[in-house]
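Residues or ranges marked as domain 'Cytochrome b/b6 N-terminal region profile' in TrEMBL: 9-235. Sequence annotations record features per position, and here TrEMBL assigns transmembrane segment to 42-61, 107-126, 138-158, 170-191, 203-228, 249-275, 327-348, 368-388, 400-423. Summarising the annotation, TrEMBL assigns region 'Disordered' to 476-497, 517-553. According to TrEMBL, the compositional bias 'Basic and acidic residues' annotation covers 518-531.
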Amino acid sequence: MAQQELPGAVRWLDDRVGIAKLGKKNLRKVFPDHWSFMLGEIALYSFIILILTGVFLSLWFRPSMAEVEYQGSYSLLKGLPMSEAYESTLRISFDIRGGLLMRQIHHWAAVLFVAAMSVHLLRIFFTGAFRKPREINWLIGVVMLFLGVVEGFIGYGLPDDLLSGTGLRITEGLVLASPVIGTWLSFFIFGGEFPGDEFVSRFYTVHVLLIPGILLALITVHLMLVVYHKHTQFPGPGRTEKNVVGYPLLPVYAAKAGGFFFVVFGVLAVMGALLQINPVWLYGPYNPAEVTAGSQPDWYMAWLDGAVRLMPGIESEFWGVTISWNVVVPALLMPPLFIGFVALYPFIEQWITGDQREHHLLDRPRNVPTRTGIGAGIITFYGVLWLNSGNDLIATHFHLSINTITWVCRVLIFAGPVIAFWITRRIALSLQRADRERVLHGLESGVITRSPDGRYAEKHTPISPYESYTLTAHEQRPPFEVGPATDGNGVPAPRRRRDRVRAAIARFYFADVVPKPTRQELEAGHAHDDSPAGTPQLDATSSRGSGGAPDPD
Ligand code: HEM
Ligand code: HEM
């Protein structure tokens with residue numbers, strides 16, 4: 001657009017910051033359409049809602065442990081000594097107009113924020129959207145998920161009621177269990193003996209400033225990278241590794257995304273208005289001498305709670321230092337290993353497949369059975385820990401022995417992921433076979449015909465060329481192979497042992513893949529179906545390798 005055509009205000013800005021060029025380049029940017037791409041948006045919108053409601057809460061919340069006597073309108077707690085933090089939370093809940101609604105929206109938004117991030121992560125994982133060039137965004141995502149969980153946990157520690165205190169007491173236990181430095185670390189965090197007078201004000205700074213600040217910066221980089229890399233898309237006719245098929249950001253996507261923000265806000269407002277969450281007045285102020293059995297962590301903390309409940313009570317002593325394995329293993333060793341594996345998965349997979357190319361077309365999960373199986377294994381591992389965090393509730397609700405539940409979970413934590421991996425992989429392979437059948441023979445029509453010699457056969461309706469293309473668009477690469485022991489000059493090849501390990505893992509990774517229909521098979525398949533002569537055969541096998549052959553790059 002020429003300078004003169006710009007509206008006045010835009011021209012004014014453009015003269016100063018060059019906005020027109022930036023807008024021209026980005027506002028027409030094409031964004032592909034798929035329902036699963038809105039998961040990242042839900043995470044974004046719930047974060048914005050957390051900031052908006054959080055600012056409201058911070059106007060009235062007092063991050064102080066100074067003792068006051070409660071004189072607010074909740075008569076059951078009248079006259080009780082409590083911290084200013086708890087008193088102000090009660091005031092927000094009962095005396096500030098709209099306060100309880102804001103608290104509840106804030107808490108529900110926190111629950112949704114972490115949930116949306118987690119499901120978004122699964123979408124990225126199962127479709128292979130983390131592959132080159134998006135590994136950095138994956139890593140940023142894992143850090144954001146971690147920070148989101150910590151932020152939520154600190155958040156519900158702020159009101160200083162009996163529930164939040166019980167959660168903090170567990171944190172203190174975990175910190176104390178750190179070998180050698182535990183006691184010092186706990187004194188450092190709580191500013192002396194637990195709970196002390198410091199933690200609310202310290203946690204408050206971390207909660208409203210430090211972590212939201214880091215998250216905001218990371219989200220900005222995350223979204224800039226999404227724009228820079230361009231969004232991935234599912235394979236289909238007209239979609240290649242080099243283009244993006246979808247709607248322009250302005251006006252279509254901006255309208256969709258803007259509207260969707262209000263949908264998310266509306267749903268959270270309804271939840272905040274109708275569904276009670278964290279009723280801090282129920283158990284009264286925190287007193288380190290009391291714990292409440294009614295304490296249930298937010299869903300995203302449950303896996304750690306479940307892990308601690310799973311581990312048998314083992315302790316050892318070395319040179320006068322006690323190591324509580326029952327805390328060290330589930331709370332200090334397992335989480336970094338688990339999170340580390342998830343964070344590094346893109347690099348592990350890249351090493352196994354040896355695939356260094358950029359990918360902008362997504363995988364259908366069934367076409368990468370081993371990755372899909374690994375994903376199912378990870379979910380199962382997490383799920384068993386999660387289940388075990390409710391072992392007390394399962395026991396009381398279903399009249400079961402808590403010991404039996406714990407033992408079942410102890411077995412499942414090892415066996416479950418392997419079984420889930422195996423079953424999922426088999427299902428993915430079966431779906432590949434079903435796709436192959438569909439491409440080669442079409443759909444079962446339900447129409448049975450009888451031939452003159454008396455044989456019965458079911459008619460098959462051929463699928464559309466577009467579907468045929470989509471079902472065969474994935475590439476099938478051969479697994480990594482170990483090269484010759486020496487090169488042409490007789491010089492021994494380096495890193496042979498490493499390559500052999502890699503080849504063995506690659507063979508496992510690519511095992512049993514169902515070959516895509518070849519062009520010959522397709523033609524033979526179509527020769528005896530009823531497709532009208534001249535139907536365009538728009539299958540991807542024509543342009544890409546098939547039957548396990550590597551694709552031309
Ligand atoms: C990722 C971002 C955030 C998450 C996950 C989060 C989570 C939480 C949670 C779960 C609570 C407990 C609420 C309850 O009492 O039921 C809380 C409390 C609080 N949050 Fe946040 N929060 C976030 C961002 C913020 C921001 C940006 C602010 C302020 C600018 C803020 C201010 C507060 C305040 C003042 C409280 C204490 C009041 C209360 O508990 O009702 N939060 N937060
Ligand atoms: C604060 C949390 C997060 C926000 C606000 C956010 C936001 C977004 C948005 C809006 C997109 C584009 C739409 C979409 O694909 O859904 C996106 C893409 C992406 N996100 Fe996130 N995300 C967050 C957390 C994560 C996490 C936890 C991961 C993974 C560990 C992750 C990895 C990615 C990757 C790799 C892409 C590019 C996907 C593609 O082009 O297909 N993000 N994110």
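Each residue, glycine too, has its Cβ placed from N, Cα and C.
Take the transmembrane segment (42-61) and the stretches 107-126, 138-158, 249-275: counting Cβ pairs under 8 Å, 107-126 has the most. Here the transmembrane segment (368-388) touches the transmembrane segment (107-126). Their Cβ atoms form 3 or more pairs under 8 Å, with each pair 6 or more residues apart. Between the transmembrane segment (107-126) and the transmembrane segment (249-275) there are at least 3 Cβ pairs closer than 8 Å, counting only pairs 6 or more residues apart in sequence, which means the two stretches are in contact. It is 170-191 that, among the stretches 138-158, 170-191, 203-228, 249-275, 400-423, forms the most Cβ pairs under 8 Å with the transmembrane segment (327-348). Distant neighbours of the transmembrane segment (203-228): 26, 29, 40, 44, 47, 50-51, 54, 58, 61, 63, 134, 136-137, 140-141, 143-144, 147-148, 150-151, 154-155, 157-158; these residues of the same chain sit at least 6 beyond its ends, with a Cβ under 8 Å from one of its Cβ atoms.
Here the region 'Disordered' (476-497) is broken down by DSSP into helix, strand and coil counts: 2 helix, 2 strand, 18 coil. Outside the transmembrane segment (400-423), and at least 6 residues removed from its termini, the chain residues within Cβ reach (under 8 Å) are 306, 309-310, 373-374, 376-381, 383-385, 387-388, 391-392, 394.
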